[in-house]
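Notes to accompany the following structure.
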Amino acid sequence: MCGIVGVAARSPANQAIYDSLLLLQHRGQDAAGIATSHDQFFNMYKAHGLVRDVFRTRNMRALPGTSGLGQVRYPTAGSSDSVDEAQPFYVNAPFGITFVHNGNLTNWRELREELFRIDRRHINTNSDSEVLLNVFAHELQLASSGVSLDENAVFNAVSAVHRRTKGAYAVIAQIASFGMVAFRDPYGIRPLCLGSLATDNGVEWMVASESVALTGCGYTFVRDIAPGEALLIDLDGNVSSRQCAENPIFTPCVFEYVYFARPDSLMDGVSIYDARLNMGEYLADKVAKNLRLGEIDVVMPIPDSSRPSAMQLASRLGLNYREGFIKNRYVGRTFIMPGQAVRKKSVRQKLSAIDMEFRGKNVLLVDDSIVRGTTSQQIVEMAISAGANKVFFASAAPPVRFPNVYGIDMPTQAELIATGRDTNEVARAIGAAGLVYQDLEDLESSIRDLNPGITQFESSCFNGRYVTGDIDAAYLERLGSTRGNQAASISDDDA
Ligand SMILES: O=P(O)(O)OC[C@H]1O[C@H](OP(=O)(O)OP(=O)(O)O)[C@H](O)[C@@H]1O
Ligand SMILES: NC(=O)CC[C@H](N)C(=O)O
Ligand SMILES: [Mg+2]
């Protein structure tokens, strides 16, 4: 789940891009990059690491220009080792394009083959994003051949991208000496929004994965980009847009609301914070049905993402709410780290228990989700060694039982703790005295209650339904044997 940003400003853009990437850091911790546009040149710098480690003053100085793009990466194709797969990407023809992508294409292997055989384009990495850029570049070449590059050609190229590609993509691209284009796949699986800032020199624009990047940099949130829509910001700052998909069907990723997005973001008309409070409300009702409330002394969140849900659950049930785990603020998010060994080690480095909150008590721990069980297994253990009498567990999301193919790196069923286990068996596997999972219907209602316009969700990791229609057992098997093995080898190396 990468974070992407594009800035079309009236003064140097590098600092605003850097600042917004810091605000999107929770979406990708593996690599960061910025490409700015100055005169007819692009300047680019990308490397492994967190934003604050990647960019030194000298790198920032080498990024002049009033517009540019940035990305923080969480790999879902290729590997985290290759800096060539960090973003932005660049192609020199047609015109010169820099490009950032959040999401994951599901037909990128076929497209790569097609690009080479028919379109005569070579892809030099295993990144699906490089494939997506080359499809866009090829289609832009076709759409502008024999005519001058204009808005029509750009929008026609995006329409062709929608026809050829499958999967999830939120994209921002810069076309040299022409402008910035941003678009979202026809299902709007990954988020993208627009903000503006009035300055003495005119209006500046920012496009970003989450509204927190806009507001944190002083921009005002304008609107979400619609599924299938493309937006063009020309060199004078004029914005135009067009629906480029034939049949857009809004189907946002439910996991953005559960875990990925920051609580202070507004996404597709929904406050993430409010959605998580609602998740706590619904979960509370299920907890009340499944556990004996009189047995619970205290409710605790697992920092950070579960806090709003845990707090709301406790308040609805009239139970005490305490913080029993303290988070080391210098350790990043565990779930998006590459490799199981490093994820496992990080939970211990990241969270420690305050013994006095546990001693002799029956605690209900609340997390936003249980995926591989890395966090919950260790946290229950820590609670018990801190002196807890009984440890119950509640998850604000349903059991994760299916691989994700749209930008969350969980390629195999085998890695998911709920695979082949019912709720009681998962409870035993994580060492909990009782476990309550949210129902999918309630999870979706938590979000839909705040925006009834969302009629369906991309909830494949919970229900195995893949909205793009191209995912079958053979696809998942191939994904597991390629990416799953790769993930396993990362964990071995890191162990
Ligand atoms: O079952 P698992 O495979 O452990 O995955 C689920 C856990 O991972 C995430 O936390 P993370 O540490 O990534 O981030 P957070 O600080 O935002 O909660 C999520 O919030 C759960 O706690
Ligand atoms: N999580 C993402 O959005 C990843 C983007 C792209 N698929 C990559 O692997 O770099
Ligand atoms: Mg967590």
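In case you wondered, yes, glycine gets a Cβ from its N, Cα and C as well.
DSSP assigns Cys2 (active site, nucleophile) to coil, not to a helix or a strand. Positions annotated as active site, nucleophile by TrEMBL: Cys2.
According to TrEMBL, the feature Mg(2+) binding site maps to Ser305, Asp367, Asp368. The C-beta environment of Ser305 (Mg(2+) binding site), restricted to residues of the same chain at least 6 apart in sequence and closer than 8 Å, consists of Val258, Tyr259, Pro263, Arg276, Asp367, Asp368.
The domain 'Glutamine amidotransferase type-2' annotation in TrEMBL covers 2-236.
Each of the binding-site residues Asp367, Asp368 was ranked by the number of other C-beta atoms within 10 Å, and first place falls to Asp368. Annotated Mg(2+) site Ser305, Asp367, Asp368; additional same-chain residues within 8 Å of its Cβ mean position, judged by their own Cβ, are Val258, Tyr259, Pro301, Ile302, Asp304, Ser306, Ser309, Val366, Ser369, Ser395, Ala396, Ala397. Filtering Cys2, Ser305, Asp367, Asp368 by Cβ distance to ligand 2 (under 6 A) retains the following recorded positions: Cys2. A sphere of 10 angstroms centred on the C-beta of Cys2 (active site, nucleophile) encloses 27 other C-beta atoms.
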